[in-house]
Amino acid sequence: MARLIAILVGLGFTLVVLISFGVDTYTSITEPAPETAEHKFHLEPKAVSFPHDGVFGKWDTAQLQRGYVVYKEVCAACHSMKFVAFRDLADLGYTEPEVQALAAEWQVPGVDPQTGEAVLRAGEPTDYFPSPYPNAVAAAAANNNAIPPDLSLMAKARHGGAEYIYSLLTGYQEPSEELLAEFPEAAPGQGLYHNPYFPNLNLAMAPPLTATGQVSYEDGTEATIPQMAKDVSAFLSWTAEPTKVKRTQTGWPVLGFVLFATILAYLSKKQIWAAVKPAKRKD
Amino acid sequence: MSFAWAKQYEPSNGLMRWVDEKLPLPRLVYNAVGAGYPVPRNLNYMWNFGVLAGFALVLQIVTGVILAMHYAANAEVAFASVEHIMRDVNWGWMLRYAHANGASFFFVVIYLHIFRGLFYSSYKAPREMIWLLGVVIFLLVMATAFMGYVLPWGQMSFWGAKVITGLFGAIPLVGESIQVWLLGGFAPDNAALNRFFSLHFLLPFVTAGVIILHIWALHIPGSSNPTGVEVKSESDTVPFHPYYTAKDGFGLGIFLLIYFAVVFFLPNYLGHADNYIEANPLATPANIVPEWYFWPFYAILRAFTFDFILPAKLWGVLAMFASILLWFFLPWLDKSPVRSGHYRPLFRKFFWFGLIPCILVLGYCGGAHLSPWTIALSQLATAYYFLHFLVILPLISSFEKTEPMPYSITDAVLNADKKPVLGENTSPAV
């Protein structure tokens, strides 16, 4: 009886899902879904390598410091970085007085101790990076209704991570003839810019890196557009996961210990079972 | 369980004798996982995963309780509190990665444990109750994992919660009221996040309770084994300790090696980038997908696209729940007297060339972008899934010619078992 009911229920679900299959297959053959510009012209991120990549990676503090300059001079005009505090900059190889000096270059919201009024004051190491806009409405109003996303976690929040950021920053271009011929509606509209690395091909952010020497690096590195893009991508990898290098460096001793323990466990297992294990026989 | 030859606990010193008299806890442990539990001597490594699942639960509870000390279940600050754990809490990043990936590894071992049960038909009499409790544990763990994924309050948390609680909206007439009542609002928000956190903390302890019942039920008939032949004499068994504690110890080492490699080197591989974007009810992600361990069931949900009498969405929900609930009936659907898949040639073919590829295809389709291809594949795989469990499995025993089984476990291991007390060994020489 149980089996009969089960067979009927099973055949029922099978029948219904096969009807769905038949209808969907018929539809997709008679009315194939149109090809989309996003599907055909979107590019996967370029392959870029960073010193902190991989299981043996280490931060290149000189690169992170350069990336910080790019963030401060370029990105910070529109993008917040709310999960990162000035004190965190010590990771980039700055000393405590240097961190204090870097923090003091920023104006953060504060309270006047005499009057209690909202004022801007110089940043301190315990402060977090301030937002360039007082609120989301102001951010949208200043940017053609597209709120510039917070950059703290950008390298983890996008498929491709730092490579995606690098590709996006260096990927602005005129839409190809082929694209415009096939999908005229994919041409960037008012206030939009074409970039094949962006999922829907047109984004509201104007190309932020426009000329060599846009920022000046203290270490004498030439600030070309790819150089700046790479440095700021590395910097954003750090802001997304400041503990990344500590994590991989912790992993090795942990794995070493567990491997040692596993070998011991294997040997004791072998020893204990030796008495009851028969000679190998094939089954 | 007590076979006649099971050793009884004998306190080795005065203190333990005193404890054992007042509270026989040492005796319980001795009989549960000690030398007082005789276990078939031929268990292969597929029998490691029960202990590993128990280990994974403990790991999740330990990491989870510490994470809960730093997490704030409030929609305003939940996302920031997770970043606080990742950046400012000492070793917080390790705790969180261990917990998030611990959930994935919990499912890896649970799935292997379930597949072991399916291949060796461990659900058959006299072990039906162990299997039923196991399915309850699986459902509890799924609910816990789903609610846990909502807690970081990222985009996938929010939209996953919206889609899954939206399933209750498919119930005719009362569905939407139930959905609003469950969520405490029209969309997931603070009320939902708070109750999810509360339940996410509670359910692991409920799970632990059901696991105790699961193990209790296991000790009545004792463990099954790869031959499916029941234990006949003392030579068929070895005491759990030290034999299986040592074997499980080695299995645990292998598990930890893979687990830590992922935790330290690929902690976000099994996650989704969108969950590092704070929840935004106004921006729908391009592809809402649950965590990988729900993909097969998500594929079944999405396979129903045609309103056949009932709305397609309701069919999907019914099928998704049915796909797991039907496991409750397996002990009564599979009538073959032979347990182990080793001696069932037809069952074995359907298992390896039907069920396993079917689950893999469902898993792939559940995580992939929706396209005509993935929908068609998931529909065919869904059809096979229901045919396999509800039609093929009940029917094959009627016309399957099973292969000869060993006379006893000892016979299977040593290729000889000549104990006159058990009667004549009629097993053909291998």
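Each Cβ is built from the backbone N, Cα and C atoms, and glycine gets one as well.
The domain 'Cytochrome c' annotation in TrEMBL covers A:62-169.
Applying an 8 A CB threshold to same-chain residues 6+ apart, the list for A:Cys78 (heme c binding site) reads A:Pro132, A:Ala139, A:Ala142, A:Asn143, A:Pro148, A:Met205. Residues or ranges marked as heme c binding site by TrEMBL: A:Cys75, A:Cys78, A:His79, A:Met205.
Feature annotation from TrEMBL assigns transmembrane segment to A:250-267. Same-chain residues lying 6 or more positions outside the transmembrane segment (A:250-267) and placing a CB less than 8 Å from one of its CB atoms are 55.
Put plainly, the binding-site residues A:Cys75, A:Met205 were compared by Cβ crowding within 10 Å, and the winner is A:Cys75. DSSP assigns A:Cys78 (heme c binding site) to coil, not to a helix or a strand. The record gives A:Cys75, A:Cys78, A:His79, A:Met205 for heme c. Within 8 Å of the mean position of their Cβ atoms, the other Cβ atoms in that chain belong to A:Val74, A:Ala76, A:Ala77, A:Pro148, A:Leu151, A:Pro208. Listed binding-site residues A:Cys78, A:His79, A:Met205 compared with chain B at a CB cut-off under 8 A give none as close ones.
Residues A:Cys75, A:Cys78, A:His79, A:Met205 are the ones the record ties to heme c, and the longest Cα gap between any two of them is 11 Å. Counting residues of the domain 'Cytochrome c' (A:62-169) by DSSP class, helix then strand then coil, yields 51 helix, 12 strand, 45 coil.
A:Met205 (heme c binding site) carries neither a helix nor a strand DSSP state and counts as coil. Taken as a whole, the domain 'Cytochrome c' (A:62-169) shows an average pLDDT of 95 in this prediction.
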